Every structure is written in structure tokens, then in C-alpha cells.
Amino acid sequence: MRSTATLLIIASSVSTPPPPFPKHTLTTTTTTNPKQSKPPSSSSHRPPLLTSVRCGENRQSYHRINYYAELASKLAEEGRFQDLFMIVETVTTGGGGSGLKAVEFAALLNADLVSKGILSVIESDGGVTSVIGVLAGFRKLGIGGAVEVLMSDRSVVEVIGRECRRMLKKCDGVEEVVDLMEMLSEFHLSIEDAVEPIEVIRNLVNKRNPYVAIRYASFCVRSDEIFCTTILEFGKKGDIASALAVFEASKRNLGCVNMYAYRTIIDVCGLCHDHLQSRSIYEGLSAQKINPNLYVFNSLMNVNSCDLSYTMQIYKHMQILGVAPDMASYNILLKSCCLAGRVDLAQEIYKEVEYLESRGSLKLDVFTYTTLVKVFADARMWQMALAMKEKMLEAGVTPNAVTWSSLISACAKAGLVDQAFVLFEEMVLANCMPNSQCCNVLLHACVKAFQYDRAFRLFQSWKRNSFQMAFGDNYIANRQSLSKGGTQIDMKVPFRPTTSTYNVLMKACGTDHIRAKALMDEMKRFGLCPNHISWSTLIGVYGGSGDVKSAVQILKTMRESGVQPDVVAYTAAIKVCVKQRELNLAFSLFREMKKYQIQPNMVTYNTLLRARTRYGSLKEVQQCLSIYQDMRKAGFKPNDYYLKELIEEWCEGIIQDNNHRSQGQLNSSSQRDLGGPHSLLLEKVASHLQKGNAETQSIAVDVRGLTKVEARIVVLAVLRMIKENYHPGELIRDDMFILLGIHEVGAAADKHQFDVKDTIIKLLRDNLCLEVLSLGPKMPTEIRINVENPFNPHSNLDKKTSPTRRPAVLQRLKVTKRSLYHWLQRNSNEQRRRQVSHTHN
């Protein structure tokens, strides 16, 4: 129980002292302040908050309660709601001994004064936070009815809505707004009319806060709509995780299957490019034995239109369930055929739709015809595309900008520049406003046909926001190209050139880097941001002019401008370096790519692997083999033949140096079989050459599994590595061993293994004059080769050896270190003699 002192101190704001409470509660007195305003008159123009109230039995008790109600109303007007709550609590918990309930006392409060107090709290520094505190106080005392009456005042609702909108503009105010609206919902009140739900949702989406969004949607009146809108807004931001969280919450909150929510989340999967997730959602629906409606099926097919087989599967399942497809279903199927390049299937679907139209079941729309036009355009079937346009016009369907763009693109891809311009003119005569895509297609057609001047003339007209075209009588009658004279049409266009426009024009600059750079600067002045294609094109233009330094410098300029170079930009720079024979710089750029964790593509690898027409040093070979291995590890399948030829030529150079053979004799050896496109040759060469300097390691050459030609190349590659790492005067520390394969004692000789051995011996003895010994020590009898899996040598270790098994022998050749040393000495002396002879000459 609160003391009467609290009440008397609060009452000091009025001039008239309150009537005394019973003596057992009166402990302290206080003087009044005459400067304070007088209590409000009981004849207020607005009635109390509630109409019915049970007063005390005697007149004195009624007068005392009414007085404190007026006092509480005055305190509320001044925004002192905590004091109001203390009065309510004191009066209703025994202050007067009348047994008055809180709701009865609240009914005596002056609604006008309390409303003014609420407004003053809203407009104070605390704003929404303070209002939440006030409402919490009303709720704690159980006088929510007073709040419902206050909120019936439209001015209060408008002020709260205005303050909420102000808070939403702040980066961290949305949660407070949700707290306020949630508290109002507890009083069965809503301000959704004053604050649009979409404003709250978008603020929550921008903050990536799905949990507050779920809480907000749960207490809204139109909960199902709010949930679906929230799911979609998260999807537009690419936040599929939050969208899924809201979707799962909607299923729990709504308590029923909402097909619109399922359709929305599937559409979001499409926005986030996660078609597999959409399939998972559909499978979850099927697991509940719930059949989706037509709109869910359409959304599912649309999201998965990139996979024609799955789209057709869903279409057939839809028919099995008795869900009749509509025009949108067929349009999605046509779209899927277009993406898959299936012209035949698209024509079949079109025939089916035509049949349904003849029966009156469906009506072909502009999207159907436009999709078919695009199918033919992508397949370079421009005649079929134009024929579809005629059918479209006969059916009374007006082509739109997308239709005309596809038609223009069909002719442009076929190299029919004049026909593309004729279609553009038809588009204008049909009162269809062209868009930037149409103009870009025309520009690209001109550039592809090397009609650079025509492209720039079109661009200059575009920049003036008008296309001046002369339409003659011959054109109108025969739909031929523009004739001289005739009607002049000056068409204003509302759209401006885009970044793609400038990218196309930069390609038209050829090797004129000054003009290309001017276009780049003009693009920036127009407020457009150059993209990766812009910078890559500029690199190519500089490279075409032979300015390698400036081309490579652009990569640094890109970073400084805030655009990180991508694989296309680096590949363009590498191409420039290779074309200008700056190979070291090209490989340096490749290493820089790897440093910045930019994954090379097929073009990058092929450009580097074909950069050299021959190899001059071990370092160059190691460099290219390293790129080759990196390419294979990245999942690309290169054509090995070109690289094998260069490796063989480099290896055979040892014999050329040893026997002084001509280049013509050498090339004849490159015509021999080098194995399949994915043979072990390059991997074997790479593994041996990457072992490093021969003087610090034992020399072992493994030619198992290779043909005799491939084995020869691997042996020559190792010998060339030894030769290039050798320094005159140094000794060879180890013999060189060549591993041929495993042979069982007493078994028939393997002809292939014998041919490989004979080829290598002839190479080393006859061509290089090296000493070669044939070795074949027995392997331990405990170890046997696993015939089923030869790559698992441990499979038979724990098994008892069969007595009928023959002992295995590892066939090897040994090239003595002494003969290797003499061979290196001979080559060194021969090289010095050549240098002396060349100096004298």
C-alpha cells in the first residue's frame, strides 16, 4: 500500500487541497503551490472515457474519487503518466477504502486531456519508445479499455502513424515501430491504415531481420498477405534463407496450406537462382499428399525452365492430376524450349496450342508469338521468325517491343544488316516505340558487318534523342529499304544510350585507342559506369594498336576505379601480350590472376599453352606443363596434341645437338603416334621435370604404361633436364634408372615391354653413346602384385602366398653415371667450340 504522502506531493500541482482520506492512511501533509494551474472544470466538453461507473455509496467518497480522477487527467495532459499510474494504483488498492476497481476509476478520466497527453508524449524526444512505456502502464493496471477509447480519436492515430513513418526513415527505428504495433494489437487496435505494411516490411528486409518480420506478420490483421509480401521482398533482395524462414513461420502461424505462400516462395527461388530449392519445396508438398493448384505448377515450371526435361515432367504430372494447363503454362514450355534450343519441340507445342485455339479453349497471346520468334532467332532461322510475325499480324496480335527486338536480332545474327534496318523502320511505322535493346542490336549488326560509319551515324542520331528517317513511296508499297526522298519522320526517343551501347561502339574503334578512350570518358560524363566488358574491350583496342604497356596498365586502372578485374579482363591482357610476343609478361599476368584467386577459363589456358611455337629452355617447358596440369585439375579437357608436338621437338633437340641433324630430319619424328588425347605422356613428363635439379636427387625414370614413342620422349626430357642443370666440372652423383615394368619369371615375354626396352636401349646407345645395363632383381617373395587392383600393393600382404605363383621381377635399365658424365662433357666441349667458331666468323 502506498502512503498518502505520495498523493499529496503529486497534488501540489493544483490549488485546491484534496479531501482527507481516512485517518489510518493520512501520515504526511504538504502545502499547495498557488502558481500552479487550477484543476480542470468538471464541465468538460468531452465525456469520461467510459460511460458506466459504480461510485461509492456516500457523497463524500464520490466527491473524493472524482477529484482524484480530475487530478489524474490533468497529470496525463502534462505527460506525467507515471504519476497518473501511481494515483490509479493508490486509489484502487485501498487508498480510499471504497473498493473502487481500476477500470472504474479509468472511466472517470477526461478523454480530451489524456489524448493531449498521449500526443505530447509522441512528440517528445522519447517518441515511440515513450508511448510504448505508457501503453505498458495501462496494460499493467488492467485499464486497456481506456486505450481503446483513446485510439478512437483519429488525430491520435494520425500522429502515431506520422511518428512511426519518421522512425522508419531511421536506420534502427523499425523494431520500435513493430513493438508499438504489437502492443496496440494486444488492445485489439491497429494503425495499419496510418502506416503502410509494405513500409515496415521493406525496412525489416533491408535490415535482414526475418525474425522481427515474422513477429510483425503474426499480429497483423491481414496476416496471410503480410507473410507472402515479406517472403517476396526478401526474395527480391536475394536473401533466400530469410525468405524460407518466413515461409516456414507462415505455415505454423496460418495453420493451413496456403497455396499463395507456396507459389510466392517458389517464385523467390527463381529470383535467387536456386531452382533445386523450389523442387524440394514441391516435393515437401507432395509428401503431404496435397495437390498444388495451377498457379503453383506454373511457378514451378517457370523457375525450372532452364531444365527442359524437368519442366516437361511437371507438365505431364499436372495433366495426370487433372490440372488443365492455361496459356501461361504453354508459354513457359515454349520458353523452356527456347532456352534449350529445341526448335522441333517448340513447333510441336505451338501446333498443340493452335489446335486448342481452334476449339476455343485457349487464345494465343503476344508472349506466345514473341517466344516462338525468339526460338527461331536464336536458331538463326530468320525466315521462320519473319513468317511467325506474319501469322501474328493475321491473328490480330500486335507485336510489342520485345517481338520487334527478337526479329531485328534474328536478321542481325544472320548478317542481314539492311533487313534489320527495314524491320526497325516497320517498328516505327507501327507506332511501337523502340527501346535501347533494339538500337543496341542494330549497332551490333553494323559492327559485325564492319559497317562502322553506319553504326556511329545511328549513335549520333540516338544521342540527339531523335531518329530522322525518310520513308519513300517505294518503301511503303514494297517494304524495301529506305529510298531517297519521300516522307521525313523525326521520331523522338525517350531512352538514352546504355553501357552496352558504348561497349559495342568501342569494338567499332578497331585499333583506334584514342577514339575508344574518348567513348569511355563520354560514358562517364553521361553518368554511366563502365563494366568489365568496357574495360576488356579497351584492353583489346590498346593491344590492337601494339601498346602492350597501356593495355596491361588498364588492369590497375580498373582497380583504382572500383571495378575488380575478372577473368575476361585478364584473358584479354594475356592475349595482347601473346600477340606481341611478350610471353614473360603474359605468364606474369597468369600468376597475378592466381594471386587474386581469379579462376582462369578455357580461353586463358589455351592462349598460354599456344603462346610458344617451340621451347628453348627447361624453364619454359616447366612453365607450360605447370599450366597444363593446373588446367586439368580445374576440370578442363585440353587438346594435348599441340603441346605434345612441342615437347617432343624440345626433347629431340638433344639428338640434334648430339648428331648435328637438320631441322627437317627432326620434324619427321613428330609424325609418330603420341597416344590418345588424354595419354599419360604429358603427366609423366611434367612429374619428372618438376623434380628439380638432378645433382641433388637420384635419377629414376618411370616409363610404365607408355608406348615406345612416349617412353622415348620421357627419357629424352629427363636427359635434357640433366643437361640444362649441369655445370662444367661438376660430377654426376647417381646412376640413372629407367623402370620398364614388372615381369614374372618363366612367363612368356611381353612384346610391348620388349619393344619399349629395345627402343630405349637403341636411343641411349646408338644415338647418345651412353652405357646401358639391363637389370632385373627379384622382388621379395612376400610381396605379390594384386591382379584385380594393381594400384593397391598392400592387398595381398597378409595373405599366404600361393606356391604356384611365380616370383615377380622388376625390369629396369641402368645408365651409368660415368657415361652420363662423359656425355655431358662432350656436349659442353662441343658447345664451347661452336661459340669460338661463331666468334671467329
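The backbone N, Cα and C atoms fix where each Cβ goes, glycine too.
Going by TrEMBL, these are the annotated features:
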- 14-51: region 'Disordered' (REGION)
- 23-51: compositional bias 'Low complexity' (COMPBIAS)
- 233-353: domain 'PROP1-like PPR' (DOMAIN)
- 326-360: repeat 'PPR' (REPEAT)
- 365-399: repeat 'PPR' (REPEAT)
- 400-434: repeat 'PPR' (REPEAT)
- 435-469: repeat 'PPR' (REPEAT)
- 531-565: repeat 'PPR' (REPEAT)
- 566-600: repeat 'PPR' (REPEAT)
- 601-638: repeat 'PPR' (REPEAT)
Practice item. By DSSP assignment, list the helix, strand and coil residue numbers for the repeat 'PPR' (326-360), in that order. Key: 30 helix, 0 strand, 5 coil
Point to revise | Integer average pLDDT (0 to 100) for the repeat 'PPR' (601-638) | key: 79
Exercise for review: By DSSP assignment, list the helix, strand and coil residue numbers for the repeat 'PPR' (566-600), in that order.
Suggested key: 26 helix, 0 strand, 9 coil
Study note, to complete from the structure: With the cut-off at Cβ under 8 Å and a gap of six or more residues from its ends, the chain residues touching the repeat 'PPR' (601-638) are 567, 570-571, 574-575, 578, 583, 586-587, 590, 593, 646-647, 649-650, 678, 682-683, 685-686, 689-690, 717, 720-721, 724-725
